[in-house]
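Taken straight from Swiss-Prot:
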BINDING   T13, G14, S15, I16, N128, E130, G207  NADPH binding site
BINDING   K129, S155, E156, S178, H201, S214, N219, K220, E223  1-deoxy-D-xylulose 5-phosphate binding site
BINDING   D154, E156, E223  Mn(2+) binding site
Amino acid sequence: MEMTRGICILGATGSIGKSTLDVVSRHPDQFRIVALTGNHRVAEMQLLCQQHHPELVVMAAPEAAQQLRVGLGDAGLKKIQVESGPEALAEAARMSGVDEVMAAIVGAAGLLPTLAAVEAGKKVYLANKECLVMAGNLFMERVRQHQVTLLPIDSEHNAVFQCFADGKGVRRILLTASGGPFRTWPAEHLAVVTPDQACAHPNWVMGRKISVDSATMMNKGLEVIEAHWLFDLPASRIDVMIHPQSIIHSMVEYVDGSVLAQLGNPDMRTPIAHALAFPERMESGVSSLDLAHGPDLQFEAPDLQRFPCLALAFDALQAGGAAATVLNAANEIAVQAFLEGHLPFLRIAAVVEDTLGELQPAAPDHLDDVLAIDQLAREVALRHLARHGSGMQ
C-alpha cells in the first residue's frame, strides 16, 4: 500500500485553496493535510481545521491566530498548532512532513513561502503568478538548483503544459482570455464601474483581486510574463486570444501547422487535479464537457486600447530588467485602491503606467533586490495614486 503524500496549502481559505481541498478530500487514500495557511478569515479556517485536521495552521496576523487558537480550543482541537507571520508561513512550506506545496497565496506575499518550499526541495504546484512576475529568473534558477518539480495551476499554463509535450517544434502559444465582465460594455460606462461589478466574473469563481485583474486584463498580462518563464519563450511567441466561453483554456501551435488545445468546463478543480495526479489522472468532481449542447466557441483579438493593462504587461516583459516587478507592485496598489473606492476603474492602468515610466531598475541579482524594488515601486505608485485617485462617483 502506497503511503499518503503530505500537503501544505498556502492560501487555504482562498478560491484555489478551497478547490484544492475539494479535490484532495476525494482521495483520502493519497493525501493527508499537514499544514494550512490563511490571511484573516478565522471562521473559515476553523471550519477547514474541523474538516481536515492539519498539524499546523498559520494566519497572517497575530490577532487572527489568537482568535483561531481560542476557537479551536472551544472545538476540542487544541492539538492543532497555530502560528502567525511571514517566517511561520515559510516554515509551513518546508515542514518535514510536507511532500508537496500548493502555492496559492495571492500577490507578492506568496513569493517568500513559495521560495521556501522550492529551497526545501518540495514538489510545488504554482498558482501564485507573482513568483515568476516579480522574480522569474531568480525563481527558476532556484527551481533548477534544487531540482524541484514545478507544475502550473493557472488554467491557461496548465493547458499549455498539457499540450506542450517536449517543446520541440513549437511556433507559439496562445493564452485564452474571457475578456472579463466588461468586454462588450460601451466605453463610456467603464468610467463608473464599481468594485462589485468588476468582481462579477462571467465564467470563473475567483477572489476579488484576481477578478479585477481579469476585468482590466492585467491578469492575462501577468500570465504572459509567467508563460515566458515557464516555457522559455520570448514575448513575440506568446499571443493572447479572447475566448468569451472559457472552454478552450489555451493552445499551442506547432511549426507544421498543428494547433493543440486543452478544453474543459471552467472549473479550477481540473488543472488542480491534473497537477496533483501528474503524470497519472484522477477524479476531480468536474462535470463532463457537453460540446453538443454547449455554447458556440468564439474568438477575437484583444483590443489594447480598451485593455491598456495587457499592453503594459507586454511592454514590461520586453523591457526586461525589473520592469515586471514594478508592474506587479503598482498594479497591486492600484487594484487595492479601486476595491476600497479610492480610484476609478479606468485609472488603474494610469497608475501602473506612470510608475513604470518613473522607474527602470536593472534586473535584480538577489532576492533582497527584488523586495527592495517591489517596496520602492509601491511607494512611487502611492504617490501617483494621490494624483489619479478621485474616489468613486
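Glycine too: its Cβ is placed from the backbone N, Cα and C atoms.
This view paints the features noted in Swiss-Prot onto the structure.
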| residue | record | Cβ contacts under 8 Å, 6 or more apart |
| --- | --- | --- |
| G14 | NADPH binding site | A104, I105, V106, G207 |
| I16 | NADPH binding site | M102, A104, A127, I153, M268, I272 |
| N128 | NADPH binding site | L10, G11, A103, A104, I105, V106, G107, G110, L111, T114 |
| K129 | 1-deoxy-D-xylulose 5-phosphate binding site | D154, L222, E223, I225, E226 |
| E130 | NADPH binding site | G107, A108, G110, L111, L222, N328 |
| E156 | 1-deoxy-D-xylulose 5-phosphate binding site | L175, T176, E223, A227, H249, S250 |
| N219 | 1-deoxy-D-xylulose 5-phosphate binding site | A177, I210, D213 |
Spatial neighbours of T13 (NADPH binding site) that are distant in sequence (at least 6 apart) but have CB under 8 A: G38, N39, R41, E44, M45, L48
Cα-Cα distance maximum in Å, computed over every pair in T13, G14, S15, I16, N128, E130, G207 that the record assigns to NADPH: 18
Candidate with the highest Cβ count within 10 Å, taken from the binding-site residues D154, E223: E223
DSSP three-state assignment for G207 (NADPH binding site): coil
S15 (NADPH binding site), number of other Cβ atoms within 10 Å: 18
